[in-house]
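Structure first, then comments.
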Amino acid sequence: QEEKIFAGKVLRLHVCTMEGAEWLEEVPEDTTVEKLKERCLKHCLPGSLEDPKTVTHHKLIHATSEKVLTDTKTVLEENIQDRDVLLLVKKRAPTLLPKMSDVVAEEKRKQEQKAPDKDAILKATANLPARSADRSVTHHNMRDFQTELRKILVSLIEVAQKLLALNPDAVELFKKANAMLDEDEEDRVDEIALRQLTEMGFPESRAVKALRLNHMSVTQAMEWLIEHADDPSVDAPLPGSAPAEAPAEGAASSAEATAGPSSEEGGEEAKDELTEIFKKIRRKREFRPDPRAVIALMEMGFDEKEVVDALRVNNNQQNAACEWLLGDRKPSPEDLDKGIDTNSPLFQAILENPVVQLGLTNPKTLLAFEDMLENPLNSTQWMNDPETGPVMLQISRIFQTLNRT
């Protein structure tokens, strides 16, 4: 009777295992954690207590506080409340220390695979003739490669135009290509961004200039407009840009001039029309200097024309253009428009390649050549194209093969 009156409070605890088993344990609050652990192991692992190490290899964790319960403390001392959740977990086995023989073997293996040091390299190469690579020559060879590749493209464009002129459907094909270029015009301004700036009160022409200078970013364009609000040259056209109407009128007049005398014969008419389409495509693929680079180089004191030439020669790379302006200025802009010698072994090998021959009859190949000629950074796009990629790969292989011999 007295034991019942003075006995401790009985707690109902939810016990879970990592395997998903769950049950209810009713224990007095003066029960030790070790005794509680034994009861749990009897419930979930019958017969496991025959091994005395089983209890020490397990631990109880309080789910809410994530605390590991101490075996020698009671449930009350661990501040466990009624209906608390406990987790029975098996302790991880301690990692065994490696044997000394294994450590020695591993170190020996690492030493065998270790790269030779400077002294070992010098000793092994002592009998080889000394050579010093001139970095300026390497850079010059790389520049020569780019120049030669441009010459190849210039000459291949001429060949492709002659071949495509023989195709009766060439005019229609290039009209479609011309329309595709119209849809992809780089000078197009983001109308939504332009409307946002004009609604803020900025003039449309000034907003267009700000967007082009800041790659169509409304935030950066707005900052530029505020910063240059009092600048007297804020409404001046971007360096290197020309009015859109001028080339269009020139194209129309040249088209009329060529179409007039050739209207007598249908073949000549189609040929002239194809020539005009080639001119339009070439105009749309004309080099567009980076406005920011133009402004930065002009602020150094260079003339606008020579800055545009420098950026064209160096693919719109400002630092390289600056070095070109301060150096010997080679290659010159005129060198970029020269083709390769048509009687050279390199050009003959390229024309004799079947893949190149087939590719030159495809209008898309001509568009790719035009684009890479004026925008060399787009070459990766055409190399990955299923139609133009094989042609470019063959040209590259032939060039590298003949360049080694």
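Using the three backbone atoms N, Cα and C, a Cβ is placed for every residue, glycine included.
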Stretch carrying region 'Disordered' according to TrEMBL (options 232-272, 314-354): 232-272
Confidence summary for the domain 'UBA' (182-228), mean pLDDT rounded: 77
Counts of helix, strand and coil residues, the domain 'UBA' (288-328), according to DSSP: 27 helix, 0 strand, 14 coil
